[in-house]
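Going by Swiss-Prot, these are the annotated features:
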type	residues	note
DISULFID	CYS76-CYS87	disulfide bond
CARBOHYD	ASN86	N-linked glycosylation site
DISULFID	CYS124-CYS132	disulfide bond
DISULFID	CYS134-CYS172	disulfide bond
COMPBIAS	140-158	compositional bias 'Pro residues'
DISULFID	CYS222-CYS236	disulfide bond
DISULFID	CYS224-CYS231	disulfide bond
LIPID	SER228	O-palmitoleoyl serine
DISULFID	CYS294-CYS325	disulfide bond
DISULFID	CYS310-CYS320	disulfide bond
CARBOHYD	ASN311	N-linked glycosylation site
DISULFID	CYS324-CYS364	disulfide bond
DISULFID	CYS340-CYS355	disulfide bond
DISULFID	CYS342-CYS352	disulfide bond
DISULFID	CYS347-CYS348	disulfide bond
Amino acid sequence: MLPPLPSRLGLLLLLLLCPAHVGGLWWAVGSPLVMDPTSICRKARRLAGRQAELCQAEPEVVAELARGARLGVRECQFQFRFRRWNCSSHSKAFGRILQQDIRETAFVFAITAAGASHAVTQACSMGELLQCGCQAPRGRAPPRPSGLPGTPGPPGPAGSPEGSAAWEWGGCGDDVDFGDEKSRLFMDARHKRGRGDIRALVQLHNNEAGRLAVRSHTRTECKCHGLSGSCALRTCWQKLPPFREVGARLLERFHGASRVMGTNDGKALLPAVRTLKPPGRADLLYAADSPDFCAPNRRTGSPGTRGRACNSSAPDLSGCDLLCCGRGHRQESVQLEENCLCRFHWCCVVQCHRCRVRKELSLCL
């Protein structure tokens, strides 16, 4: 018998991020991770369904999905670097976080699903996957020029040289459809949502919100063609947003996440506060309050904040007052190595010396 859907989703994320040590929920983000599609797929077959088919037929796609999931966790660590829970994933505690329906878990599922879609789409455009390539020409007209070559802008007047006849889709557009399809196939469970399975509904919604953060923020890039710098013809294509931008937008959604509960039949979600409007497709959802993450707690997966570096003069989340949960902080002088005396050598290398510098750090008690 298959494990419950939420368990399969969490297990799959663990498989993607640490295939060689999934049995112990061993996490090694921050150290070199060797991608082994065979190892992932040997474990993933326990999940059954189309994931196993993808493993057998397209292991190179699975490798990109895993790369994208790790990209998502690194982005989570960047966006949460000043928070009490900083997306640390070096221990079993991360697995316990994934088993809760809290805001932080919503962000993790969204950013890893987004990373999977982003990585596969990028691999297609780079010619690294044989199953896909550039985006097919679109049916709608590309944007009109704004007077600055190479930049999209408002439509030109009818019958002018800037009319639609001079503009067409071309280049190598990023095929987000293919990336979404593979992310959805492997990151989402194919089985029907169980009755009363609110966690599955929440996690699947957050996965889709992550992919939407990639798709809805693709940008149009154009290039002019013509003699002497003229723009006799202009080709345009769709380009993925930088993943840092995807992470920033999902962080905004994290701050405005909606708490939900299930309907009586367990097949849909409603706002926990009935007076609020239902959440949209791009919103992140959660069903339980987060712990305060101040002290270590094996049950919740909280690592605590003792020993974390903080900013003694900042009033925000990175400040010692908030990050240290009122316990206070101590000063410590440490010696670090940094790049210094960097010089550019033609062509095209930047060479630096390594210098030792002493810095004063504030650390939570």
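Glycine is treated like the rest: Cβ placed from N, Cα and C.
Within 10 Å of the C-beta of ASN86 (N-linked glycosylation site) there are 18 other C-beta atoms, taking all protein chains into account. The disulfide-bonded residues shown are CYS132, CYS236, CYS355; of these, the one with its CA atom nearest the CA of CYS87 (disulfide bond) is CYS355. Ranked by Cα separation from CYS355 (disulfide bond), the recorded positions CYS224, SER228, CYS310, CYS324, CYS325 are led by CYS310. It is 13 Å from the Cα atom of CYS342 (disulfide bond) to that of CYS348 (disulfide bond).
Distances between the Cα of CYS348 (disulfide bond) and those of the disulfide-bonded residues CYS132, CYS172, CYS294, CYS310, CYS325 are shortest for CYS172. Here the CA atom of CYS320 (disulfide bond) lies 45 Å from the CA atom of CYS347 (disulfide bond). All protein chains shown were included, and the count of other CB atoms within 10 Å of the CB of CYS320 (disulfide bond) stands at 24. The secondary structure of CYS348 (disulfide bond), as reduced to three states from DSSP, is coil rather than helix or strand.
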